[in-house]
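Visitor: Supplied in structure tokens, the structure appears directly below.
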Amino acid sequence: MCGIWGIFGYEKDSVQHCDCTFYNIRHRGPDAWRIQFDSKIKNACIGFVRLSIVDSVYGMQPMILHAYPHLTLVCNGELYNYKTLGEKRKFNYETKCDVELIIQLYGQTGSIEETVKHLDGVFSFALVDSAEKKLYLARDPYGVRPLFTLETDSGILGFSSEGKGLIEFGKNYVNGGKWKLKQFPPRSFQTYDILDDGKVKLVETKEYYNVGDTPAFPLYVSPEDISGDVLANIRTLLTAAVKKRLMAERRIGCLLSGGLDSSLIASLLVKLAKEVNLPYKIQSFSIGMDSSPDLVAARQVAKHLGTDHHEVIFTEDDVADCLDSVIRTLETFDITTIRASIGMYILSRYIKNETDTTVIMSGEGADELLQGYIYFRNAPSDEKAHAESLRLLKDIYLYDGLRADRTTAGHSLELRVPFLDLQFTSYILSLPIEMKRPVNGVEKHLLRTA
């Protein structure tokens with residue numbers, strides 16, 4: 001989990017204040033930080049805060065390669081196909097950092113659309129091409145990694161992993177004119193012309209992916225390995241989704257509520273950790289109030305799997321004490337989101353302060369993808385249920401995705417969500433829609449049966 005940030009076209013009297021707004025996202029990357037000014041572009045700076053997960057030594061950003069000195073990248077993300085695609089396209093990597101793939105793809109193709117279509121992972125990034133005077137912003141298909149923009153009528157543009165990295169700049173340092181703070185849309189990229197004074201002009205906003213489509217990149221599980229057995233395919237693809245997310249130089253653990261989704265991810269994580277010989281025992285983490293049935297269920301699953309299990313019990317006083325911090329962390333006043341985030345916030349704080357686990361896997365996305373919410377029992381038709389599932393997936397970055405990112409990133413942890421793997425989601429959404437309806441009042445029967 002890292003943080004990216006930048007301002008283009010700032011006024012000269014505001015430049016000394018840029019680091020103040022940049023500091024507001026430092027929690028996303030406690031290991032290192034950097035603000036960079038480019039002599040070839042006036043009145044612009046970009047910044048990066050780093051939580052080192054892969055290539056701890058050489059993975060610092062903003063990234064500039066010897067092969068492409070005119071390209072500058074800041075990216076918050078994990079790209080799981082950087083090795084396989086690098087071998088296929090014969091890239092000469094200069095680092096071991098996965099996000100270098102973005103520069104190599106763009107340098108080879110010259111197309112930002114071809115670049116983002118071939119990224120298997122989660123990401124939000126800004127790529128500056130000083131030779132062509134272009135700025136590109138992009139975000140992954142489900143918005144797992146956050147991105148905000150600050151836009152003005154005068155051509156000033158800011159971007160940041162969180163809104164709090166831009167609000168102070170907009171309020172205090174945009175001299176005249178109106179400004180808007182927006183969430184950058186998932187599945188999209190934007191192209192800007194960089195003008196002589198560092199301000200920008202929007203050229204294009206384009207969606208590069210439709211939810212449910214087969215990804216354009218070479219698939220992790222070859223189509224030849226997909227059989228006519230749907231349940232076997234679900235097992236294969238979900239296992240692959242967890243396996244590719246083992247890419248890390250820091251300790252990996254998992255959230256465990258005791259429910260179906262988190263228990264499946266925990267089970268696969270424990271199994272795969274043994275197969276790849278991770279040098280530590282998987283830690284699992286649960287939270288609840290005293291005598292919570294979720295704690296009991298999670299305890300039973302953890303005992304069965306043999307994890308190093310941690311329980312956090314919280315009280316009403318704990319909720320009251322952290323409420324203001326939760327709201328600031330989430331950047332929302334939505335009551336449902338806040339209520340659902342309190343436990344995850346307290347648990348993330350515990351993981352950060354009491355353990356050495358940094359990368360966390362969880363079960364977000366399963367309910368949206370596999371029609372797991374109770375109200376799907378009353379769907380008027382399979383078509384309506386499928387349409388609702390698509391809507392939930394497209395909007396997940398506004399609710400469960402927001403909660404998952406902010407509560408973990410707020411404590412310098414990195415969250416990974418295998419159920420939102422692009423190959424897995426595209427396969428599930430390609431199945432006949434009637435296969436996903438609840439059976440005998442039980443949701444997610446496909447997942448349970450597999």
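Glycine is treated like the rest: Cβ placed from N, Cα and C.
Note that the structure is predicted; figures quoted are calculated from it, not measured.
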Visitor: Select one of I287, I313, I327, I396: the residue that TrEMBL places in the ATP site alongside L255, S362, G363.
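Guide: Record source TrEMBL; matching candidate: I287.
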Visitor: I'd like the Cβ neighbour count for E364 (site 'Important for beta-aspartyl-AMP intermediate formation'), meaning other Cβ atoms within 10 Å of its Cβ, all protein chains included.
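Guide: Excluding its own Cβ, the number within 10 Å is 25.
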Visitor: When you measure from the Cβ of L255 (ATP binding site), which residues in the chain that are at least 6 apart have a Cβ under 8 Å away?
Guide: S262, S284, F285, S286, M344, L347, I360, M361, S362, G363
Visitor: For the recorded positions listed here (C2, I287), which one has the lowest count of neighbouring CB atoms within 10 Å of its own CB?
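Guide: Across C2, I287, these recorded positions, the one with fewest Cβ atoms within 10 Å is I287.
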Visitor: Give the mean pLDDT for the domain 'Glutamine amidotransferase type-2' (2-206) on the 0 to 100 scale.
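Guide: Value for the domain 'Glutamine amidotransferase type-2' (2-206), mean pLDDT as a whole number: 92.
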Visitor: Taking the mean position of the Cβ atoms of L255, I287, S362, G363 as the ATP site, which residues outside that list, in the same chain, have a Cβ no more than 8 Å away, listed in sequence order?
Guide: C254, L256, S257, S262, F285, S286, M344, L347, I360, E364
Visitor: Let me make sure I understand the span of the ATP site: among L255, I287, S362, G363, what is the greatest distance between any two Cα atoms, in Å?
Guide: 15
